[in-house]
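Taking it in order: structure first as structure tokens, then the write-up.
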Amino acid sequence: MNCCRTLRELEIQVGEKVFKNIKTVMKAFKLIDVNKTGLVRPQELRRVLETFCLKLRDEEYEKFSKHYNIHNDTAVDYNVFLKNLSINNDLNLRYCMGNQEVSLENQQARNSKKERLLGSASSEDIWRNYSLDDIERNFCLELSKSYEKIEKALSAGDPCKGGYVSFNYLKIVLDTFIYQIPRRIFIQLMKRFGLKATTKINWKQFLTSFHEPQGLQVSNKGPLTKRNSINSRSESRKENIITKLFRCTEDRSASLKKALLIINTKPDGPITREEFRYILNCVAIKLSDSEFKELMQILDPGDTGVVNTSMFIDLIEENCRMRKTSPCTDAKTPFLLAWDSVEEIVHDTIARNLQAFYNMLRSYDLGDTGLIGRNNFKKIMHVFCPFLTNAHFIKLCSKIQDIGSGRILYKKLLACIGIDGPPTVSPVLVPKDQLLSEHLQKDEQQQPDLSERTKPTEDKTTLTKKMTTEEVIEKFRKYIQQQDPAFKKRFLDFSKEPNGKINVHDFRKILEDTGMPMDDDQYALLTTKIGFEKEGMSYLDFAAGFEDPPMRGLETTPPQPPTPSKSYVNSHLITAEECLKLFPRRLKESFRDPYSAFFKTDVDRDGIINMHDLHRLLLHLLLNLKDDEFERFLGLLGLRLSVTLNFREFQNLCEKRPWRTDEAPQRLIRPKQKVADSELACEQAHQYLVTKAKNRWSDLSKNFLETDNEGNGILRRRDIKNALYGFDIPLTPREFEKLWARYNTEGKGHITYQEFLQKLGINYSPAVHQPCAEDYFNFMGHFTKPQQLQEEMKELQQSTEKAMAARDKLMDLHQDISKAFTKIDKSKTNYISICKMQKVLEECGCSLTEGELTHLLNSWGVSRHENAINYLDFLRAVENSKSTGAQPKEKEESMPISFATLNPQEVVRKIQEVVESSQLALSTAFSALDKEDTGFVKATEFGQVLKDFCYKLMDNQYHYFLRKLRIHLTPYINWKYFLQNFSCFLEEVRISAAHKHLFENELKLVFTKWIID
């Protein structure tokens, strides 16, 4: 259409379209007019006209609406609008319009005549006389009659064309075009079609899956649930029954063969006519009596009453091969079979395999609740009833589904079959994988003949073979190792509690109830072998005898059963009491001690674990509990979901130690007490050192490298750290500093073996506590490993290079890191923890270990407060490092020398430059400390003064400097001699490169004057 239509043309076209579909248009208006006011919004009026009549351009609709006094801000009386439209077009609407009240009454009267089920939505008494199946059948019939109208109405309620409408809107549409249903019944009805009241409805998918358009004419003749089923009587009699059967089973041959094998696992075995007809009705086609009789004349010409399955399967395979060579061009039609026939074959199949079916159900319901998840139930049904389609499965679940939880009441299904309780022989639960493999591999077993198969199930279960002692012991071991709940429950039915004892008579009854009957001689031998005493045996005593491989009292050890599959162990749920019993043992098997378990569980390294961390630890130990059982487990431990544990509390749980009066639970003090928890980690590391020093001093001393001039061993910070890491006891830098301060109380930087052992509470023995026997080299009376200085120099150089690379990367990512910090700081405190800072840097592309990050922060002078960092200071430090590196060379001399980025070779030279340029200031600072003017200050005070003048001098650089001067073990340093002769030392360092053998002797002479014994 290239030009706009005139007003007259619009009136004629709209009028013709409206009055051809006047009933549908009126229903659409009333659908929108929920409150029955007779008014709709102008936008809704236009949407109805464009949906049911014709599309209008904006200028056309503006012209049309102006003529009928329709304004954007005023509601429209659609009855008046239709009357005016009819008057302008000289049409008579009396047959469908008239008074609005009369129209509503007539509409209700017509709705009441539609079906006997129709009535007032508010009155549920009428609906109670009909089952949900009856309602569904009539509902489907009415929907098929109004399919196109419902489709248009749902499309009108989807202006965005997204394909979704609300559940309430769907109900309004269906109530308008079909009949009004009480909301409670409507929700139940929609659940049958897979719709939920809490989610948006994909109305296109609903209509497509619920009712195909090409089946409208068929569905008008009968209920929709059978609209796709094959009515054999409607087929031509001239068509051969075999040809028809093959046509219907073309895409279902695999399911048909599997169903036949489930009924008869022997491929060439016979099958009764009734069984064969059930399978055909479910999987392929529902045959009439005459058609089935015609088929039997071909498959059973001798009228023996049985069908040879191998012959029929061969016919199917031959038909498939022929169709592959000459494909059929006819369109395939999916078949939805009658539910009555499907339900009958399902019940019959379950009854034939009752024991295996019940065992598999119980393997998913260890607590015997009678409930099973929908997905698990579907897996089981596909094993036993592979012919079950999704539509049939939904139909089955709708009858036995628990409305509250959505789970399946499988005991209700068993009751429908006529089984009120468990099978005659109590099931012996085995892993689900084993059940599946056993059932799917039935063709490997010998199948009894037809006469024996047709006997009642009860006759088979009563004939039970007597078991030997070895077989029973084998089963016992399997029960205990797999934690079989059925056997344990039966045992506790007699003993009442795990510690309660049962007598010999009750024990034999347990064996018989669990499918292990024995004769008197074998039973007497069994009680002797398992150590059954006169006073009886408890379940705990019984289980303990089978947990360890060498069972007590056994003359011959039976072969070990196969270890249960990992999938079974992971899915095996246990009770809170079982978890309480297994937790300490599993912890010892998986971890060396409680500290290792706590360290692995405490992922954020804050010294605190919550109940989520504890639950994750249980899963790691293969202790799987449901959520409610986990809460019960916490209750047995005296805990709640909201509490936290420090290491001491966790250790008490693992080792079941009584609380001491000085060990108040940390959660009673405050939720997070990180300082106390770091001390607990230090205490654990200290206990490790105590144990090693007492029992394995030779292993511990391998990490101690130095002795003093008298041959006594000395320890430094890195020696203790290397020892802890060698024993797999890593500590955070903050925790290690606390531990080192515990030993280095005088701040000398080193301690002797005597001092170290005294801190450990061990008496020093010169004969035992000796340094590790290695070659040492003498430097000024101190024996140090020759490689030590080289290793430390290399380590210091590597750390400096890493720090420079990290600084460059942080400069490049400065903006991204700043945004990430701002986003994570929701409380706007400007502080974040070290762990979170690590995580943010890693996400931004700069991965640093805690040690590297700590080194970087210390080099930039960024302080920490309770293991938290002010990220604004951190960002400022990054900016300053960036600006410092970008300054021109002529300004570098005016800036203080930063030692953070210097390599080890430059440290001594730079300190010498600082000393030369700041002689007077250094002398003043040392004099302030040396108030008595002795010329000596403590080594710690000496280091602090140097750090004040040497910008960002690191601890490892300072200690390297002291060892380079050979004064790292001196408690007091002559600062006056240092200021006067330090430049001479630097000159001798240069000479030593060419005259190393002379330098050592000269070095002794130069620095002997520094040291006062």
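Cβ from N, Cα, C; glycine included.
Sequence annotations record features per position, and here Swiss-Prot assigns domain 'EF-hand 1' to 20-55. Outside the domain 'EF-hand 1' (20-55), and at least 6 residues removed from its termini, the chain residues within Cβ reach (under 8 Å) are 13-14, 61, 65, 70-72, 74-79, 81-82, 93, 96, 100, 103-104, 107, 149, 152-153, 155-157, 159, 172-173, 176-177.
Taken from Swiss-Prot, the feature domain 'EF-hand 2' covers 145-180. For the domain 'EF-hand 2' (145-180), the DSSP-based tally of helix, strand and coil residues reads 22 helix, 2 strand, 12 coil.
Among the features that Swiss-Prot reports, domain 'EF-hand 3' is placed at 251-286. Taken together, the residues in the domain 'EF-hand 3' (251-286) have a mean pLDDT of 69 on the 0 to 100 scale.
For 287-322, the entry in Swiss-Prot reads domain 'EF-hand 4'.
What Swiss-Prot records for 352-387 is domain 'EF-hand 5'.
Positions annotated as region 'Disordered' by Swiss-Prot: 441-460.
Residues or ranges marked as domain 'EF-hand 6' in Swiss-Prot: 482-517.
Marked as domain 'EF-hand 7' by Swiss-Prot on the basis of sequence analysis: 589-624.
Around D604 (Ca(2+) binding site), the C-beta neighbours below 8 angstroms that are at least 6 residues distant in the chain are S833, C835. Summarising the annotation, Swiss-Prot assigns Ca(2+) binding site to D602, D604, D606, D613.
Marked as domain 'EF-hand 8' by Swiss-Prot: 695-730.
Mapped onto DSSP helix, strand and coil, the domain 'EF-hand 9' (731-766) counts 19 helix, 3 strand, 14 coil. Annotation source Swiss-Prot lists domain 'EF-hand 9' at 731-766, citing sequence analysis.
What Swiss-Prot records for T732 is phosphothreonine, and it gives similarity to another entry as the kind of evidence. Around the Cβ of T732 (phosphothreonine), the number of neighbouring Cβ atoms within 10 Å comes to 19.
The domain 'EF-hand 10' annotation in Swiss-Prot covers 812-847. Sorting each residue of the domain 'EF-hand 10' (812-847) by its DSSP state yields 23 helix, 3 strand, 10 coil.
Under the heading domain 'EF-hand 11', Swiss-Prot lists 917-952.
T732 (phosphothreonine) sits 13 Å from D602 (Ca(2+) binding site), taking the C-alpha atoms as the reference points. For the domain 'EF-hand 6' (482-517), the number of residues in each DSSP class (helix H, G, I; strand E, B; coil) is 21 helix, 2 strand, 13 coil. Residues in the domain 'EF-hand 11' (917-952) partition by DSSP class (helix H, G, I; strand E, B; coil) as 23 helix, 3 strand, 10 coil. Neighbour density for D602 (Ca(2+) binding site): within 10 A of its CB lie 20 other CB atoms from the protein chains shown. With a 10 A radius on its CB, D613 (Ca(2+) binding site) counts 18 other CB atoms from all the protein chains. Under DSSP, the residues of the domain 'EF-hand 7' (589-624) split into helix, strand and coil as follows: 20 helix, 3 strand, 13 coil.
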